[in-house]
Amino acid sequence: MSTMGSWVYITVELAIAVLAILGNVLVCWAVWLNSNLQNVTNYFVVSLAAADIAVGVLAIPFAITISTGFCAACHNCLFFACFVLVLTQSSIFSLLAIAIDRYIAIRIPLRYNGLVTGTRAKGIIAVCWVLSFAIGLTPMLGWNNCSQPKEGRNYSQGCGEGQVACLFEDVVPMNYMVYYNFFAFVLVPLLLMLGVYLRIFLAARRQLKQMESQPLPGERARSTLQKEVHAAKSLAIIVGLFALCWLPLHIINCFTFFCPECSHAPLWLMYLTIVLSHTNSVVNPFIYAYRIREFRQTFRKIIRSHVLRRREPFKAGGTSARALAAHGSDGEQISLRLNGHPPGVWANGSAPHPERRPNGYTLGLVSGGIAPESHGDMGLPDVELLSHELKGACPESPGLEGPLAQDGAGVS
């Protein structure tokens, strides 16, 4: 590639790195600040964001360095080349975990709290990262081209003894990339996710039809299910974009491996597919902001407070049970009951059991405003009734005139 082309590639990669870091730091920041977003599903979202941050901080600089073909010891070059595979694998495992989490939430919601806990989610995330390093760094254990003789293709006459011209395809064997990396650990998980989301949508469609056939359909259950479907659609979009960004590069690798007599893909096309794969680390925050209201509102508050320096106290969206703190005239705590279940909301807006996680119906990711401590079957009628009771008990209290009372679903 020409010098101008190299500079264009490097400039685009650096821009992607900056956007990936800023956008995904914003995602982690939002989950940390907003209690409505602190749920099991978003643990996996944060893991996905961490992988995308690492792409911007490490993988893209490594890719730029490798593109220069600098001289290095073969195993040093191999580590640079394989590190991006670790991050790709972590992203795939996070997406698969999210898909399974949503499947459980819709298919067996009553067992969700028992099956999907914060402790288990953190353990699964740790296992996913360990497996990602094991899979991505497998070439370091011997499945590589470093054992080829010096006159082999991965050695440059301009490099010293024991050094190679550090280029990805010259140190990472293509059979590893195609059979092991792509077929086993990219394509299979993507197909599993496709099947999971298909079953989610079919199950949701069947349940909605059953509700329509009931003489007195439950509006709360219907609204909850619609919010779950909305969340599943948002996450399915993220999976689709991942496939769109990564499949072109893997398809080129397949052509290179299975058709050695065919001409190799032009260098500009290789760089274009590499840039496209790295672009995937940028898009997820935009999907969250566009599709999930709670993320969008929190992003806006963070930008106003910390970027534009417009000081305002951070408060979670007015749609959570945490935010339903009411005070009497003498400052005493008012005990609230939602559908006969005390949610444990205190006068200062905190809950006595912050470690409790929502069931499949009330994830902050789903509704963009349903609280982690709220009861799973609380719907708009309950909220309106509670609002009237609060107003009667303490007129100075803001009650529930926030977004939930206004548009109910809490979904953009």
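Glycine too: its Cβ is placed from the backbone N, Cα and C atoms.
Note that the structure is predicted; figures quoted are calculated from it, not measured.
Note: E169 (adenosine binding site) has non-local neighbours T256, i.e. same-chain residues 6+ apart with C-beta under 8 A of its own C-beta. In this structure, E169 (adenosine binding site) is part of a helix by DSSP. According to Swiss-Prot, the feature adenosine binding site maps to E169, N253, S277, H278, an assignment based on similarity to another entry.
Look at Swiss-Prot and you will find C71-C159 (among others) tagged as disulfide bond, backed by sequence analysis. For C159 (disulfide bond), the Cβ neighbour count at a 10 Å cut-off comes to 17, with all displayed protein chains included.
C74 (disulfide bond) carries a helical DSSP state (H, G or I). The disulfide bond annotation in Swiss-Prot covers C74-C146 (among others).
Residues or ranges marked as disulfide bond in Swiss-Prot: C77-C166 (among others). The Cβ neighbour count for C77 (disulfide bond), using a 10 Å radius and every protein chain shown, is 28.
The disulfide bond annotation in Swiss-Prot covers C259-C262 (among others). With a cut-off of 8 Å between CB atoms and residues at least 6 apart in sequence, the same chain places nothing near C259 (disulfide bond). Mapped onto three states, the DSSP output places C259 (disulfide bond) in coil.
Feature annotation from Swiss-Prot assigns N-linked glycosylation site to N145 (among others); the stated evidence is sequence analysis.
As annotated by Swiss-Prot, N-linked glycosylation site applies to N154 (among others), with the evidence given as sequence analysis.
Per Swiss-Prot, the feature transmembrane segment maps to 8-32 (among others).
The transmembrane segment feature in Swiss-Prot is assigned to 43-66 (among others); the stated evidence is similarity to another entry.
Summarising the annotation, Swiss-Prot assigns transmembrane segment to 78-100 (among others) and lists similarity to another entry as the type of evidence.
Under the heading transmembrane segment, Swiss-Prot lists 121-143 (among others). With a threshold of 8 Å between CB atoms, the same-chain residues lying at least 6 positions outside the transmembrane segment (121-143) that come near it are 40, 43-44, 47, 75, 78-79, 81-90, 93-94, 97, 101, 171-173, 176, 180-181, 185.
The feature transmembrane segment is assigned by Swiss-Prot to 174-198 (among others).
Only residues 6 or more beyond the boundaries of the transmembrane segment (235-258), in the same chain, are considered here, and those with a CB under 8 A from a CB of the stretch are 88, 91-92, 95, 98-99, 102, 169, 174-175, 177-178, 182, 186-187, 190, 193-194, 197, 264-265, 269-270, 273-274, 276-277, 279-280, 283-284, 287, 291. The transmembrane segment annotation in Swiss-Prot covers 235-258 (among others).
Summarising the annotation, Swiss-Prot assigns transmembrane segment to 267-290 (among others).
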For H278 (adenosine binding site) and C77 (disulfide bond), what Cα-Cα distance in Å is obtained after rounding to a whole number?
19
Can you give me the Cα-Cα distance between C262 (disulfide bond) and C146 (disulfide bond) in Å, rounded to a whole number?
25
For the disulfide-bonded residues C71, C74, C166, C262, which one has the sparsest Cβ surroundings, going by other Cβ atoms within 10 Å?
C262
Within 10 Å of the Cβ of C146 (disulfide bond), how many other Cβ atoms can be counted across all chains shown?
19
Pop the Cα-Cα gap between S277 (adenosine binding site) and C146 (disulfide bond) into the table, whole Å please.
26
If you skip the near sequence neighbours and keep only those at least six away, which residues in the chain come within under 8 angstroms of N253 (adenosine binding site), Cβ to Cβ?
M174, M177, V178, F182
Greatest inter-residue Cα distance in Å for the adenosine-binding set E169, N253, S277, H278:
18
